[in-house]
Ligand code: 5AD
Ligand code: SF4
């Protein structure tokens, strides 16, 4: 009987891909198969996130629980960003942890898995040209990393210290990986990186610089690939060339993540984001002008140190002007190894942060309640991706609306037109039209 692997993944989409790689490597080299039942597992891995403090606090209580529930002799591994930042302290605090593998060291999983007490967390490790085993994929979409690490120095962010310097994965490796996935039935790819549109500045070996726009053009030449998504682009690097390619290329999904973080130029400066409120608005409006059905999602941090009521009003102003389709809201969380810790005396009272968060959430809720009914009666084209137990299927439009409709498994992987009859704040429902 094969050994069983249970992986819990927290954090961002890059962590999802890392978990997929971990699983594929352990299947190929160590004979594991995946299980969803912790109690059955011979190996339990928790792939962690350290971007905010909460998940880190939760880590130790969670692995304590895993340790109680696991079957005799099962191993526990801690991977990801918290593994990078706490390293061997994890084993000191929780001696039943068998190994610790940092976010930038995933290619070493097959080496550490059998060595009790191993810790591999170097942020200089370069696995940008490592060919990970191919994960079994029974979905119509896949995600592919295009770079590792991050060269930015946003003052609130722990990621540069957990994932190290940015290195791009060679374009031909990315194209080959997507081609293989397409040969196996995938029609949509998500390109991942901490900062995708700075792609091509540095590779692990000396080679000519490349651009994200060029990479998008290469990938869109793959026959059979229907949709390209990517996350996260940085607003600073959204130059005209990129925006024009985004608008003109029919394979690129017309939903873009534009992490605002703050609408106040003063706070953006303190965050070292490199752009102003006006630049952000200018880029968003340019895109809206070129792409009428564009949807824009964003990340916003409220209560960054020094944020006054006036600064927060600037954030609300950008939200009102850009009309984001989805907002991921966060209250500032001080993180180790970040510059913003120096602004300690300007930190905002927690109750003020909570009130600002609440106000932002309410504002956006009202916006969606007003705007979503505009979709009633519209006909949209979706790629059907999953079957629900209630006789419905669901899929996404090109601009990433989630749509439900009646249907069966015959529709999976097909594009169908749906006339919208019901809306919620986050999804649409309708009937298939011929
Ligand atoms: N505090 C709060 N939110 C943060 N993010 C990153 N670091 C912090 C922090 N210290 C948010 C940013 C980022 C998203 C992934 O998490 O908005 O875009
Ligand atoms: Fe992802 Fe950042 Fe969390 Fe690491 S710290 S898992 S890079 S969101």
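Backbone N, Cα and C define each Cβ position, glycine as well.
TrEMBL does not curate its annotations; it predicts them automatically.
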Exercise. Looking at TrEMBL, 12, 49 are annotated for [4Fe-4S] cluster 1. Which of 79, 81 sits in that same site?
Worked result: 81
Exercise. Highest CB neighbour count within 10 A among the binding-site residues 12, 81, 150?
Worked result: 81
Problem set entry | Those binding-site residues in 12, 49, 81, 150, 154, 157 whose CB falls under 6 A of ligand 2, listed in sequence order | 12, 49, 81
Seminar exercise, completed: Ordered by sequence, the long-range same-chain Cβ contacts of residue 154 ([4Fe-4S] cluster 2 binding site) under 8 Å (at least 6 apart) are 261, 271, 272, 273
Problem set entry | Whole-number Å value for how far residue 49 ([4Fe-4S] cluster 1 binding site) lies from residue 150 ([4Fe-4S] cluster 2 binding site) (Cα to Cα) | 15
Exercise. Which binding-site residues from the list 49, 81, 150, 154, 157 come close to ligand 1, meaning a Cβ under 6 Å from one of its atoms?
Worked result: 157
Exercise. For [4Fe-4S] cluster 2, what surrounds 150, 154, 157 with a Cβ no more than 8 Å from their Cβ centroid?
Worked result: 152, 153, 156, 158, 159, 160, 194
Seminar exercise, completed: Across the domain 'TRAM' (373-434), DSSP labelling yields 6 helix, 36 strand, 20 coil
